[in-house]
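A.B. asks: Take a look at the following structure, please.
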Amino acid sequence: MASLVLNETGMEDCGIDDSFKYNLYSVVYSVVFVLGLITNCAALFVFCFRMKIRNETTMFMTNLALSDLVFVFTLPFKVFYNVNRHWPFGDGLCKVSGTAFITNIYGSMLFLTCISVDRFLAIVYPFRSRSIRTRRNAALVCAAVWLTIVGGGISVTFFSTINSNNRATTCFEGFSKSTWRTYLSKITIFIEIVGFLLPLLANLVCSSLVLRTLRRPVTVGHGCDSKRRVLRMILVHLGIFIICFVPYNSILFVYALVRTQALANCAVERFARTLYPITLCLASLNCCLDPVVYYFTSESFQKSLTMGGKGPGSRPESIPRSDTETQDTANTLPRDTHTVASNGKDSKTSEKIHKLLWVSESIQMSLNMSGTGGEDSSSRCGFNMTEWEKSMEKMYTYFYLLLFIPGLLLNTTALWVLCRHISKKTKAVIFMINLAFADLAHILSLPLRIYYYFTHTWPFGKSVCLLCFYLKYLNMYAAIVFLVCISVQRCVFLLDPFAARRWRRRFDLLISLIVWLVVGLGCSPFILMRSSSPTNTSNPLDAASAHSPLSSSTRQTSMSGLNSTNGSCFKDLPMRRLPVYLAVTMMALAELFGFLIPLACISYSSVRIAQSLKQRQIQDQQTSLNSSARSRLQSVASSSQTDKCHERQTNSEKRRALQMVLSCFSLFLFCFAPYHLNFLLYLMVSQGIVSNCVTEQVVRRFHPVSLCMASLSCCLNPLLYYFLTAEFRSHLTRRSSSFTASLLSSPISSPTQRPAQSRMVSLESNCSDRE
């Protein structure tokens, strides 16, 4: 049902404009496609090839990953449609796209409910449920779920899903009131009850009964690890429901009432139509969050995933039976066609000067990473970017809203664990602290950006505006440099173990201080270029272009920005004009030291660690061939065993280091490479080097998407600490164990129960220490 109202047009009666959703959908679906494709393919690979024994929970998780992957494959068509607002793929593919959306959203809720019910039966009724919890019954349940969700999705084929209007074909858009009252309202009620209310109720009941069972003293025998995994599974499931599905289905119900005219209030309609695209994007994020369920609730999945980097002799990890009972944008250049016609006597000299001015202005305008210019951006190719720029401002608002809460929670938690609970500050932990601090500084400035893009006013003063503008650059380049520091340090320590022994914590502190000083000074020109008053420079380029149309339009823009400076910020601040050589030098240095050199360093570290690991595996194979001859002597055999143990430990450290460096490399490519690569194309388009109209439009429209991808690093960096740092994971688990003990302990304890509970808390503490 979700996709049936995916791109609904506004009602003219109340004058509501919700066109911002097209750009929001384009950005979110692009991000979800990349992350969802990688994570779900990896999950299916682990389930199908790394695990030999498959139990009931694994079967539910496999079907959940398959459901997510079906939806992910339809996202490129949705991105194309929302960017071009035209559906050229026909009615059949439109219905397939809608069916895939329903299958994913409500299939995720039902399969998560199946996992929760299976956990409930295994813990509350461990003996009586053995005859029920079988692979055959799990397969029948999965088949029933697929029949239910596919049946609900096929309901969209009962009527035509595309409409032609103004030479543009739409998909799931512009349905009449009779269609809503006849078909869509009934489908909404059915799916809301079967796909949302019943699963939510089942999850709440199962979770409460499981918690009540674990709080009893008789459950001490379950062990601290089992209880922590069960509680973690409950929290993850409820968190996904609360974040992804509860907001969407609640707004969907109100939205359906508005569309059927059951609620004919403009304020309610405006509320529903504004929040509906946001909640729909939250619901789509479940494709990326479901693999988190597999990792946090299944110890066997964790082991199978982390053991994927072993040598050819490693065996796939199998799931024991007990695991089922214990696992848990566009910064568009104001070209104005940039006609560089010669109006003076010396046409060649004038043309060269105008071209230099063109390069200077295009570079300076490209420095504005926060949005687009305020003027009417009409391209020489005939497409008008003004409406796109206005809609991108709304997209920034909602994207920053989605980014603020998870970024704040993740980075504050990371700083709390890294600074307070990790005493051994080695192996790049100091760099991680600085990286988390840089992310948090940018996250804390997002509410002011949200306020400005939403109200188009800035009452906080120019200094605060420049500070927020500065923090965006500081976060991006500080994150890049600290990722390089983490990668290079891990590589050096592995290739030269003696250097790791000689290394001291103060060296990391000194490097971090130097990074902050260099990056802080390097980003300062970006705010110095901003001016609240017009600059009357004596630049010869300005004098030479006094009679050009470009000069007049630029001055008008500067004056308009000047008049509104007191209430403007970010993209609306006027810019100082710089000499051509200085602007080109700044951009060349930013691309060289902010992208090319870091990319080369991370790539070199990855290659060196991979080569070292491969050489070690070859040496191990040669050693194993000669081990039989050496094992004849007892003393030599004992020494050989010690050497093998040391070699296995060294290989394990190298695999972990390679995972860390490759993760930094992937994060770098996903978040920062798109922006810097698009930035170069942006300059080439602005200078006319690239004159293809399609390429120009793609580059201009991808610019805000690349900015959003760069901001996503604030949420992805904390995941890097958790998944790739054993000490971080250990301390976070230890802190959560105390919280688990408080939840599992009875609020009122009798004197006979207190010793048992004390022993249980002590047991959990000892288990955490062993981890």
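Backbone N, Cα and C define each Cβ position, glycine as well.
Because TrEMBL annotations are produced automatically, they should be read as predictions rather than curated entries.
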A.B. asks: Scan 164-188, 539-563 against TrEMBL and say which stretch is down as region 'Disordered'.
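C.D. replies: Comparing 164-188, 539-563 with TrEMBL, region 'Disordered' matches 539-563.
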A.B. asks: Excluding the flanking five residues on each side, which residues at least 6 beyond the ends of the transmembrane segment (431-454) place their CB within less than 8 Å of a CB in that stretch?
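C.D. replies: The answer is 370-371, 393-394, 396-397, 400-401, 403-404, 407-408, 411-412, 414-415, 418-419, 460, 464, 467-468, 471-472, 474-475, 478-479, 482-483, 485-486, 489, 508, 511-512, 515-516, 569-570, 711, 713-714, 717-718, 721, 725, 728.
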A.B. asks: Near the transmembrane segment (474-495), which same-chain residues lie under 8 Å Cβ to Cβ, leaving out any that are not at least 6 residues past its ends?
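C.D. replies: Here the qualifying positions are 427-428, 431-432, 434-435, 438-439, 441-442, 503, 511-512, 515-516, 518-520, 522-523, 594-595, 598, 601-602, 604-606, 608-609, 612, 653-654, 657, 660-661, 664-665, 667-668, 671-672, 675, 710, 713-714, 717.
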A.B. asks: Counting only pairs 6 or more apart in sequence, are there at least 3 Cβ pairs under 8 Å between the transmembrane segment (398-419) and the transmembrane segment (704-724)?
C.D. replies: yes
A.B. asks: Select the range from 507-528, 657-677, 704-724 that forms the most Cβ-Cβ pairs under 8 Å with the transmembrane segment (580-607).
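C.D. replies: Most contacts with the transmembrane segment (580-607): 657-677.
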A.B. asks: Look at every Cβ pair spanning the transmembrane segment (657-677) and the transmembrane segment (507-528), keep those 6 or more apart in sequence, and say whether at least 3 of them are under 8 Å.
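C.D. replies: Stretch pair does not touch.
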A.B. asks: When you scan the chain for residues with a C-beta under 8 Å from the transmembrane segment (507-528), skipping those not six or more beyond its ends, what do you find?
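C.D. replies: Distant Cβ neighbours of the transmembrane segment (507-528) are 367, 425, 428, 430-431, 434, 466, 469-470, 473-474, 477-478, 481-482, 485, 576, 586, 589-590, 593-594.
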